[in-house]
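Participant: Okay, here's the structure, questions in a sec.
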Amino acid sequence: MSSRPQATIHLANIAANWQALDRLNPGATTSGVIKADAYGLGAREVARRLAKAGCNTFFVAHVEEGVSVRRELGFGARIFVLNGPFPEDLRIYRDADLTPVISTPQQLMLWSRAPRAGCALHFDTGINRLGLSPGIVEKQAEALRKLQPLLIMSHLACADEPDNPMNAQQLKAFTQITKAFPDVPASLANSAGCYLGPAYAFDLTRPGIALYGGSLPPLGFALEPVVLLEASILSVFEGKAGETVGYGATHTLKQDTPLATVALGYADGIPRSGANALMSYLDAAPCPVLGRISMDLITIDVSKAQKAAKSGARVEFLGYNAKLEEQAARAGTLGYELLTGLGNRVKRIYP
Ligand SMILES: *Cc1c(COP(=O)(O)O)cnc(C)c1O
């Protein structure tokens, strides 16, 4: 047995979450966003499982990610590359049958000259991040249609705030764009967009984080947790009242306290902002993190789990008890950052 932290990744729950999102918007096709190695959980494993569940449209960020997913899935599934093509990538797009998402005038020009193959057109309707300006639709409508896009899309800036008026503004702007492409499937919603109601679903939804158990779904819609992150206890001991814990002595013990130190740290992707804030669970009993997060070590208060606190015992940092978004919030971050930050040293296990 090793002291390495381990992430058990429940692929069946990713499939269940995909199916739940698919049922939520029955009129739309549900794709799978598997960029950044499927948010740190293994793009090839996740792609294979989603394909088995019936998903046949995928989004990655980089062309290399697309190639890797294509190798895994074989030909057939549609793989969109969100960052779009560079001149030196054109052959890779062709050979791996990848579909670029065109978001800049340069990419538009490049793809117009490339051997005719499908693409998506991405319009920026207000996020001011990436996407063609909607003004181009009127000025170059014919040229755009000549590309025979397979998809037109845009991205919401504030979907995680259902009452933010920006959602309705972007919906309106995107709806206007779709009118110039009456026969082309359209896509606007990321995970949080899937919760905004059928008007936002269009023909294709693009959930990412929700597949992996993150986001804050509305009441009555539950996602399965996907990742169980566990660290091994190295040492169990008693800290005395008045003593401090960890670098910088940022936590002072109010009373004699049973403590345990586990093999997990910021080198594994646990944010230092989780000092004196994160919660771990031993035998389902809450064990607060005391003091700073070190590179390889974290000390926890095991008062509530004294029987189970033994060297070698596994402590949960993400899972059914340590819920992803709650844990992320304790460190002032989001589920996205916790998952994509999980380090290489964390052993991935696919049961
Ligand atoms: C990452 C991304 C998504 C998925 O977003 P989630 O919030 O993880 O669901 C969808 N669309 C685009 C354009 C993205 O960049």
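Numbers run from 1 along the shown chain.
Even glycines carry a Cβ here, placed using N, Cα and C.
Here's the feature list from TrEMBL:
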type	residues	note
ACT_SITE	Lys35	active site, proton acceptor
ACT_SITE	Tyr247	active site, proton acceptor
BINDING	Arg129, Met295	substrate binding site
DOMAIN	226-351	domain 'Alanine racemase C-terminal'
MOD_RES	Lys35	N6-(pyridoxal phosphate)lysine
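Where in this structure would I find these features, and how exposed are they?
Facilitator: Note on Lys35 (active site, proton acceptor): other Cβ atoms within 10 Å of its Cβ, all shown chains, come to 20. In this structure, Lys35 (active site, proton acceptor) is part of a helix by DSSP.
The Cβ of Tyr247 (active site, proton acceptor) lies under 8 Å from the Cβ of Gly291, Arg292, Ser294, each of these being in the same chain and 6 or more residues away along the sequence.
DSSP assigns Arg129 (substrate binding site) to coil in the three-state reduction, placing it in neither a helix nor a strand. Around Arg129 (substrate binding site), the same-chain residues at least 6 positions away in sequence with a Cβ under 8 Å from its Cβ are His155, Ala157.
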Participant: Near Met295 (substrate binding site), which residues of its own chain have a C-beta under 8 A away, given they sit six or more steps off in sequence?
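Facilitator: Gly265, Tyr266, Ala267 - these are the non-local Cβ neighbours of Met295 (substrate binding site), listed in sequence order.
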